[in-house]
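What Swiss-Prot says about this protein:
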type	residues	note
CARBOHYD	N90	N-linked glycosylation site
REGION	979-1068	region 'Dihydropyridine binding'
REGION	1327-1389	region 'Dihydropyridine binding'
REGION	1337-1378	region 'Phenylalkylamine binding'
REPEAT	420-667	repeat 'II'
TOPO_DOM	81-99	topological domain 'Extracellular'
TOPO_DOM	146-157	topological domain 'Extracellular'
TOPO_DOM	217-302	topological domain 'Extracellular'
TOPO_DOM	455-467	topological domain 'Extracellular'
TOPO_DOM	516-525	topological domain 'Extracellular'
TOPO_DOM	584-639	topological domain 'Extracellular'
TOPO_DOM	810-826	topological domain 'Extracellular'
TOPO_DOM	878-885	topological domain 'Extracellular'
TOPO_DOM	942-1030	topological domain 'Extracellular'
TOPO_DOM	1130-1143	topological domain 'Extracellular'
TOPO_DOM	1192-1219	topological domain 'Extracellular'
TOPO_DOM	1278-1343	topological domain 'Extracellular'
TRANSMEM	62-80	transmembrane segment
TRANSMEM	158-176	transmembrane segment
TRANSMEM	197-216	transmembrane segment
TRANSMEM	468-487	transmembrane segment
TRANSMEM	526-544	transmembrane segment
TRANSMEM	827-846	transmembrane segment
TRANSMEM	855-877	transmembrane segment
TRANSMEM	886-900	transmembrane segment
TRANSMEM	1111-1129	transmembrane segment
TRANSMEM	1144-1163	transmembrane segment
TRANSMEM	1173-1191	transmembrane segment
TRANSMEM	1258-1277	transmembrane segment
Amino acid sequence: MDDAVCPTETDNVQNKQKATTPKRTQRRGGKQQLDRPERALFCLTLKNPLRIFCIKIVDSKLFEYFILLTIFANCVALAVYTPYPSGDSNITNQMLEKIEYIFLVIFTSECVMKIIAYGFVLHTGSYLRNGWNFLDFFIVVIGMISTALSNLVKEGFDVKALRAFRVLRPLRLVSGVPSLQVVLNSILKAMIPLLHIALLVLFVIIIYAIIGLELFSGKLHKTCRHSNTGEYLNDLDELHACGVGFKCPSGYECFDDWVGPNDGITNFDNFGLSMLTVFQCITLEGWTDVLYSIQDAMGSSWEWIYFVSMVILGAFFVMNLILGVLSGEFSKERTKAKNRGDFQKLREKQQIEEDLRGYLDWITQAEDIEPDPDAQIIEDCHKNKVKEVVSIDNLKDHENETQQTDSWFRSQKKYLERINRRIRRACRKAVKSQAFYWLIILLVFLNTGVLATEHYRQPIWLDQFQEYTNIFFIALFTCEMILKMYSLGFQGYFVSLFNRFDCFVVIGSISEMVLTSSELMAPLGVSVLRCVRLLRVFKVTKYWHSLSNLVASLLNSIQSIASLLLLLFLFIVIFGLLGMQVFGGRFTFKPEEEKPRSNFDSFYQSLLTVFQILTGEDWNVVMYDGIRAYGGVFSFGIVACIYYIILFICGNYILLNVFLAIAVDNLADADSLSTIEKEDESQIQLDNQIKNEMENEEYLQNGDHISFKAEFGADLDTYLQDEECGSYSDDENTYNKLGGVKQRVSSLPRRNTNTDMDRIKKDIPYGTSFFIFSHTNRFRIFCHRLCNHSNFGNFILCCIMFSSAMLAAENPLKADASRNIVLNKFDYFFTAVFTIELVLKLISYGFVLHDGAFCRSAFNLLDLLVVCVSLISIFFNSNAISVVKILRVLRVLRPLRAINRAKGLKHVVQCVIVAVKTIGNIVLVTCLLQFMFAVIGVQLFKGKFFSCSDGSKVYESDCHGTYLFYENGDINKPRLKEREWKNNKFHFDDVAKAMLTLFTVSTFEGWPTLLYVSIDSNKENGGPIYNFRPIVAAYYIIYIIIIAFFMVNIFVGFVIVTFQNEGEQEYKNCELDKNQRNCIEFALKAKPVRRYIPKHSIQYKVWWFVTSSSFEYSIFVLIMINTVTLAMKFYKQPEYYSEILDALNMIFTAVFSLEFIFKLAAFRFKNYFGDAWNTFDFIIVLGSFIDIVYSEIKTKEQALATCDGQSCNKAKGGSTLISINFFRLFRVMRLVKLLSKGEGIRTLLWTFIKSFQALPYVALLIVMLFFIYAVIGMQVFGKIMLEEGTSIDRNNNFQTFPQAVLVLFRSATGEAWQEIMMACSPRDDVKCDPESDAVNNCGSSIAFPYFISFYVLCSFLIINLFVAVIMDNFDYLTRDWSILGPHHLDEFIRLWSEYDPDAKGRIKHLDVVTLLRKISPPLGFGKLCPHRMACKRLVSMNMPLNSDGTVLFNATLFAVVRLPLAIKTDGNIDEANAELRATIKQIWKRTNPRLLDQVVLTGNDDEVTVGKFYATYLIQDYFRRFKKRKEQEGKCDQTENAVTLQAGLRTLQQNSPALKRTISGYLDELASEADPMHRRHHSLFGKVMSSLLRHEEITSSKIKHLSRTKTIPYQVEFLQHKVQLERNKDCLTSASDDISIEKIIRKQNKYNGQYFNSEANFMDNIKYTPRYDGEEYEMEDPKSKDKDEEF
């Protein structure tokens, strides 16, 4: 019976599973069926055999792989194609043209099949509804059109432009790789916030382009020509502008007929070219060239302001917003993808658990089946018998074997095993010992040191030494590897990642040695293999915890970055192929000119050029060539710039910033990882200790019989844990892990408080000063008081500033110049002052021995150093001593003394110091990588960068004597020149020079030039051969990706994260997040804005007109039209065209003047000029008038003047400076008015100003840095001769302070900073200025540390402070838009002024509802919010209510902020308020107590609040509605109880007209009425209470009756209190009225045993269901019942 049951149950379970399985597939199939339309192309149904066939093919994986393979093959075909100039071709290209037809057929077939399968366009899942399919279809159609056209029209039609679209096919590979889609999705999601920024960038570009057009139009067309021959002056192979700044030499004149710089591309002649030039400047490439050209033409008085402001605003601020948005979006996208993955895993886990449960059920059911007991007994007996027989046989065999075999071998084997185990144990102990660890580290560094000694022209003995030491180190590291393998066993050894890495390095090194000695491999391959040795350097990371953590996080990043690199590669391939199609073979301009190295003539070269543009280095030069290739500016060529701009924006701004986004994201992960590890570390070490002890015990007890687990497994466990927790050295604990930003940073506030100036000033340190002055000594007390007097401090600060300014005023050329002598006298005075201050402080605080002594503070030591340096330089005032020169330079550290005297500045400096400490590990890893690449570079390129000035000579031995040189390729101008054998400025002849070269490459400056020098490099002592080793480009690309894209971005990311964390430290103990703090700060500090409303009827009408939205829009449109007319100007425009533009300008000026007059009439003087925008408008109108008048006068003067050409020219020159160059700006400034229009732009502008407010100390630090470096630059490099063709010339030098600052600003933007560094270094071609007192050696070795340190400080640290601030303030662009932020709150102030025009700071509580309904969420309720819902929200807001029915501005704004951000709104409201008050006092210490009482209520029960008032109103409203519904039901059989209830309700509702008017405030009517603009204040509570008191008396018997009949409890409470009011009628005051109302509400709430002030609790009480005579009546819910007021 049981046997029969069991299979049935089992079958049932299996049948269930079978039943469920097809359902799932069916459902999936169903989904797919849904995607298919019933008919495709109006005729093919789902049962059509052709369509079924197409669906099968399209859905198969094989087809998908085939198409991807075809795309890849198509890419290869496009890459093999070689473009030739002038339409030439070769056999390969012709073959490829034929193959193109095959590809076209395949892609067309795919397209047709998919259209048949999916339908064309009408259905939701149809073919063209998918973006990738649309792209395919577009490419196929273009391909067919281009093929048809090329066959039909044989000549005169170029289809190349159409064919170029083929290169978009590789984009389809993205749809095949999921990891690519995460990166691409995050970029696409970022497009919406990026669009906001794009508009801002466009706005900045347009403004600067129009200013440039007005100021510099036609200025760059003058150049020097010979007076007689008419030849251009071009000593330096390129022409430059002449004019005020650059005077032509004798024999030459300045003529106005030059096309302009870069073949006329770089100029401001029309709006288009002006925009292109501005965009180029914002990308920081070639902006100094444009500036210097303008300065040559117009002088250098003010032009730099235009360019410097453009760079700061455009490049540093606006462009960094892109970075902020991308990093925000990427982390959001990553989190989404991670959550999606986690959810998927959870679902899979649930599915597995479900299946497991099914199986368990099946198993348990199977266990229930009892087998036949008799059969079981028989089976057992049979088994036992078999076992018995076998064991007897075995015993007999064993006895025989023991007798035959001697046991000696076995005992020996055991003995040897025991010894082996002991040796292994000893080896393992040795391998894990401190000594072994330090020995290996020492060997690694020695090996590294030996590798670093390699250099060009090294002696033979060094070669041999390196060879032998290499063999020695290989042997040692091999021994280490074998020892570890033996002690840990193979499995134990290879389980560690570092050991696998070691093994790889050792095997690589051995194979390299074998290949080198047998000469089987080419030298290039060997030199790369040799560098595998360098990876040993990373063995350090195994033992250094913080480093190993960083390396681990970097390895994690590589997974994310692999997909980005794939996308980057795809991007480069597509643009490379497109470049080949468009520009291939076109970069040949003149026969005598050499073709530019960056071109698109082959696929390989095209990839290199695109990669160069991607890095941004000299992208503008390639663009100029592209424009010239199509005929230049004066033809179709200018369109070519679109390709380069799109490539630059997508590549440089978007893709490369995603690198940074990934870096920051992974660093955050590493941070959390480190914290967890740190917590677990002690536990792991404890476990280790226990395991080791247990293992030893087991060994001692069991002797020979140690289990496999004890020998192998425990070792493995222990080893793994040792690997993890690093119990190697106690010193390691002193190092924090990578993520220890918080630990390190957290020490800062403590340090800050310890060094707080005020606390130091309080007491004299205990102990004697200089063993003379005790702490009670009067003289010491006097000194202490004097030092700490505020006036004394201010005086010293002024002295510091003046003495610093004098350092900047010195003449660097002549030390004995009269100006310097005067300044030196002042210097003596300031040094005396500083010495006196120092002595006073030393007496006051003591020198060094006791706590609080002067020298115990780092900042005081800085003071001491500066004063000592000044004293030494005065006493040894002889210029002969070079040490004194250096000491005089050190005086420039004086401004740093100001840091100790300005708290904010000190905080920023400490923040930077913390950042530098935190970044130490990253710097170390970067240096290790840099060092590795430098050694590889030395292997590859040492001694190979030499060249002869005569290109025909390849070797040094041939490079002697003279050669003929044709100037500008003109055969009529031969010149004799000496041959010179020169090394390149940057080379790899030794490791130090290689690291310098690589550092410049990592800054992206000048690397393409270096790349082509490397490609042409031949062999040691050999000259260049064109394209000799193209493969070496891989070295630079790998270096740039690893170091510049990845490591530098991680570095920058870490700086940003550290600065942001540092900012948070101040508030780490308060419970508010950053957004909540910002919003509360805004609410506390905000003030209402005055809104003037005239009383005179005519003036009111004018006011109403100018404040209306239609007037605003019309002005907006006029500004837009004005912008268009300003942009219509161009160089050499006809006379009549200029007159039209002038007339239009007059019209616009008249219109804007009318606007000014109307507004002045409406607002009067005081109110008009009270608004900053109005003042700005007035200045513009005034400036425009002056501009018109001035221009007209000058035009008439020129027309009337009957003079010779020379004096006319003079008149023109005089007029341009003021008229055009200044007053024309007022026309452009009208554009800025656009910023006041539009909420989005207003928000951006507000955040921008806020960013600037957050930057004063950062800006001060930058100013100080620039000042110090500029003065050092003047002192050290000021004597270098200004020479044309070098980087130190008339525009770029250190001879004056402003010039030095400009050079530094240029270096900070990275504009060829390495060229300036080389021009200041000690080289033979660096000459001294003839006016200086120096004869030679004007270059200095200080140039290298000077420029490198400045670049690192500026580009990596200081500029990133800007980025950190911007990312902090603009995070709302990527944040969820529904979260309230400070940027929303400006709208509240603006709309409040409509209800409170006099800015009294209070409005009627009734107006608050309409105000908040006007404001969109998240700040307000929005127009769609039902009126009653708005009242409910007001209950939760609960601001204090004044006796006249008004609420206060700050209280309302605070409540508006507090509710959406849920700032202390949970739990008991009184406790929450108390906590919030304490928090506000803690963070904003200077908050006015009265203001605090207004915004956060005290726990006083007697306070009347909006919450209590609207609670009362809502209770009434609910009852009114309840009664109305009951009346409508029209029940006739109402009992007396029902009548009583109605009476109670009527009592409430119809108390008096005054009650209805004041308490309900006609709220129902108000909901439908138009929002009132302004209201008059009137009293409220007097009327409420008098109306209550005038009502008829309610007897207590009535109340008792009501309570007996189970009526609504809080209604009874209300009525009881009504009686109480009647009894105390005579003694009630307005104050007690307030109290009684409040008590009523509180009593009614106490029914449920809780006192509420929050919306949720209020709603709980309201929804109480009253019972009446056994029937249950549910109060109506406004959400469900009130349909007319729904959202």
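Even glycines carry a Cβ here, placed using N, Cα and C.
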Cβ pairs under 8 Å only, please: of the recorded stretches 827-846, 1111-1129, 1173-1191, 1258-1277, which one is richest in them relative to the transmembrane segment (197-216)? 1111-1129
Looking only at residues six or more beyond either end of the transmembrane segment (1111-1129), which have a C-beta under 8 A from one in the stretch? 206, 209-210, 213-214, 217, 270-271, 1105, 1141, 1144-1145, 1148, 1151-1152, 1155, 1227-1228, 1230-1231, 1233-1234, 1237
What's the number of neighbouring CB atoms sitting within 10 A of the CB on the residue listed as 'N-linked glycosylation site'? 11
When pLDDT is averaged across the topological domain 'Extracellular' (810-826), the result is 85
When DSSP states are grouped into helix, strand and coil, how many residues of the topological domain 'Extracellular' (1130-1143) land in each? 9 helix, 1 strand, 4 coil
Non-local residues, at least 6 beyond the ends, that sit with Cβ under 8 Å of the transmembrane segment (468-487): 424, 427-428, 430-431, 440, 443, 446-447, 450, 493, 499, 502-503, 505-506, 509-510, 513, 533, 536
Tell me the residue counts in helix, strand and coil for the region 'Phenylalkylamine binding' (1337-1378), as DSSP assigns them. 30 helix, 0 strand, 12 coil
Same-chain residues at least 6 beyond the ends of the topological domain 'Extracellular' (810-826) whose Cβ lies under 8 Å from its Cβ atoms: 802-803, 879, 1274-1275, 1278-1279, 1294-1295, 1329, 1331-1333
May I have the DSSP-based helix, strand and coil counts for the residues of the topological domain 'Extracellular' (810-826)? 9 helix, 0 strand, 8 coil
Report, as numbers and ranges, which residues of the same chain sit near the topological domain 'Extracellular' (81-99): CB under 8 Å and 6 or more residues beyond its ends. 580-581, 584-586, 588, 600-603
Excluding the flanking five residues on each side, which residues at least 6 beyond the ends of the topological domain 'Extracellular' (1130-1143) place their CB within less than 8 Å of a CB in that stretch? 217-218, 221, 267, 269-271, 1191
